[in-house]
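Taking it in order: structure first as structure tokens, then the write-up.
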Amino acid sequence: MVACRAIGILSRFSAFRILRSRGYICRNFTGSSALLTRTHINYGVKGDVAVVRINSPNSKVNTLSKELHSEFSEVMNEIWASDQIRSAVLISSKPGCFIAGADINMLAACKTLQEVTQLSQEAQRIVEKLEKSTKPIVAAINGSCLGGGLEVAISCQYRIATKDRKTVLGTPEVLLGALPGAGGTQRLPKMVGVPAALDMMLTGRSIRADRAKKMGLVDQLVEPLGPGLKPPEERTIEYLEEVAITFAKGLADKKISPKRDKGLVEKLTAYAMTIPFVRQQVYKKVEEKVRKQTKGLYPAPLKIIDVVKTGIEQGSDAGYLCESQKFGELVMTKESKALMGLYHGQVLCKKNKFGAPQKDVKHLAILGAGLMGAGIAQVSVDKGLKTILKDATLTALDRGQQQVFKGLNDKVKKKALTSFERDSIFSNLTGQLDYQGFEKADMVIEAVFEDLSLKHRVLKEVEAVIPDHCIFASNTSALPISEIAAVSKRPEKVIGMHYFSPVDKMQLLEIITTEKTSKDTSASAVAVGLKQGKVIIVVKDGPGFYTTRCLAPMMSEVIRILQEGVDPKKLDSLTTSFGFPVGAATLVDEVGVDVAKHVAEDLGKVFGERFGGGNPELLTQMVSKGFLGRKSGKGFYIYQEGVKRKDLNSDMDSILASLKLPPKSEVSSDEDIQFRLVTRFVNEAVMCLQEGILATPAEGDIGAVFGLGFPPCLGGPFRFVDLYGAQKIVDRLKKYEAAYGKQFTPCQLLADHANSPNKKFYQ
């Protein structure tokens, strides 16, 4: 039973839902400081209870930095030494954030394994003192309690949390290629059981406060307060503090017991884990699952299992030592550096570098109720934007509105929304067949078919009815925005907003500016994207922009590899084993063969031989036979509703046979096939930076990983060049250039990096 539970919870772990870590917005307010010399921690005494307030300066979140560690140790030593203090409360002064985890910059600054290991051991010592405190300590949790923050909280004798959506607890270290390094791998299994602890540590998922209480991670819940004389956030923190003080006094007076009664299932699970055979089966099954899903690309999950196992089998001392050692090893790996780089990139791409727009977008209109248009509508109404969804036909409009409702209803099924909240959000959407109400629109996003003449027509129609300040954004994936804006009376108000499908799940938004796009238009587009919860890259206009331009040459190589006789299943296996979340052949089916054909033709005309490779006739014949991919039920594979397993489409055999190419043995090993795909992608990405399409390598990495599925463990194309080596990539390209020609010619910037070993995209 225990093994089944462990396998069940790990089934949600895929390689890799990387870096979906949340960014929590926290508003600072000032608390009185006991000592002016302290900048991160202050405390006051209420009766015989010390209230320790955490407040990292100049930051929206509290992070466990060296400075905070030092001040926290100093404060706690004063509390333990005082005869007037009998208990303590730990609370944050920042609404929406208890402690968000360790300071990643502190970890990134470490140059040696020994430095990182020492950081872990120091954190373990501080947290152990909390756990062994003779004076009861209550953690009062409001907002994000993640990583090291959770490790601090579970070492306290009691935990109280606000029952609020912003209050989440979790161990996201695995998403950064690391593991909990302050004793979490040892305390968490004892607190919630081994299966639940492994689930938290291996997936990095966050748990809401009500769920945390059921698990035993939290002892009491406090309802958040509404508005009053003070803002709701401030009132809630004050109330949480009052409740925590009451419980701290009760613990000191022995009127409240810190021990929690466990349920029958927990007791049975705990008993089962005392049986050596059961434990070994759990370890074995979990390790098998992890190996299958990570494909050996991410070292952290297996080391987490190893550390947990060490603590259970050899005792806590051995477990803590193993934890600090493995923590040090992991933080120094290329995978961890790549994932931490992506985290920093996300932070960068969640800021509006254009500043605040002159006018907030409150009313949005979307043209086209297809898959993309409806998806954009969903992420807009979900964030409170009044949205018009327009289409030319009632059938398409109804289908689009149903898609939005279904997306919201799925959240109800997952208990992320109530039915009332769903209906309230859905009421923000208005579906219509005409332009009524567009005179109030602040922004119009067109999501019509990829046809320039059609986009010109709707742009002219829209400009006849929208107000002067209204922005026109095109959700094109490849057509140059300047060509779309050519018929506009106000080209400074035209911009590209390239969303990715499915819109409600894909994090990336690629914003495209032309030479005529105004700064305020850019600021408004970024502001809308951020409100929709997107990670945003801003690129210059050009055929294919950045993401489509990187994907197109790789897809051309996919076609050539298929023509050379590699079957789609093997090609998928080779690409996923390299770290791509979706196989290359499956990706064509998911994107749509007709879309791939359209992009290949358009970009092929612009870039010529350099974008060549496979014969696009393959895609043309597939489209003529109706093999459009998943949406038509057939592509390279056959798709059936409700059936996960997909078989090869045998009707493709004749098409592939008619276009078969002889493979070149010197460049056809499995490794060569992988690198033929990846080097074309990387070379094009670097060329985009060289040409100024991209502003920074960080945006290039974020766009590639979050928009195109470039392997997160490699950190994106630019981080990959730094970690793998520019010279090695150029050598690969030259090898393939000798076999295939200009398609593999290294771009100048990449060659420059190869010729100067000290030259890096990230310093």
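Cβ from N, Cα, C; glycine included.
For the residues Lys190, Lys295, Lys386, Swiss-Prot attaches the annotation N6-acetyllysine to Lys295, which does not rule out the feature elsewhere. When Thr333, Thr395, Thr576 are compared in Swiss-Prot, the phosphothreonine annotation sits on Thr395.
Swiss-Prot records N6-acetyllysine for one of Lys284, Lys414, Lys631, Lys644, namely Lys644. Among the candidates Ser56, Ser756, the residue that Swiss-Prot annotates as phosphoserine is Ser756. Per Swiss-Prot, the N6-acetyllysine annotation among the candidates Lys111, Lys303 falls on Lys303. Using a 10 Å Cβ-Cβ cutoff, Lys303 (N6-succinyllysine) registers 23 neighbours.
The most crowded of the recorded positions listed here (Lys415, Lys460, His498, Lys759) is His498, judged by how many other CB atoms sit within 10 Å of its own CB.
Closest to Lys728 (N6-acetyllysine) in space, going by CA atoms and restricting to the modified residues Lys213, Lys249, Thr395, Lys759, is Lys759. Comparing Cα positions, Lys350 (N6-acetyllysine) lies closest to Glu510 out of the recorded positions Lys303, Ser419, His498, Glu510.
Calculated from their C-alpha atoms, the gap between His498 (site 'Important for hydroxyacyl-coenzyme A dehydrogenase activity') and Lys213 (N6-succinyllysine) amounts to 41 Å. In the three-state DSSP classification, His498 (site 'Important for hydroxyacyl-coenzyme A dehydrogenase activity') falls within a strand. Sorting the modified residues Lys213, Lys728 by the number of other Cβ atoms within 10 Å puts Lys213 first. Ranked by Cα separation from Glu510 (active site, for hydroxyacyl-coenzyme A dehydrogenase activity), the modified residues Lys214, Lys303, Lys415, Ser419 are led by Lys415.
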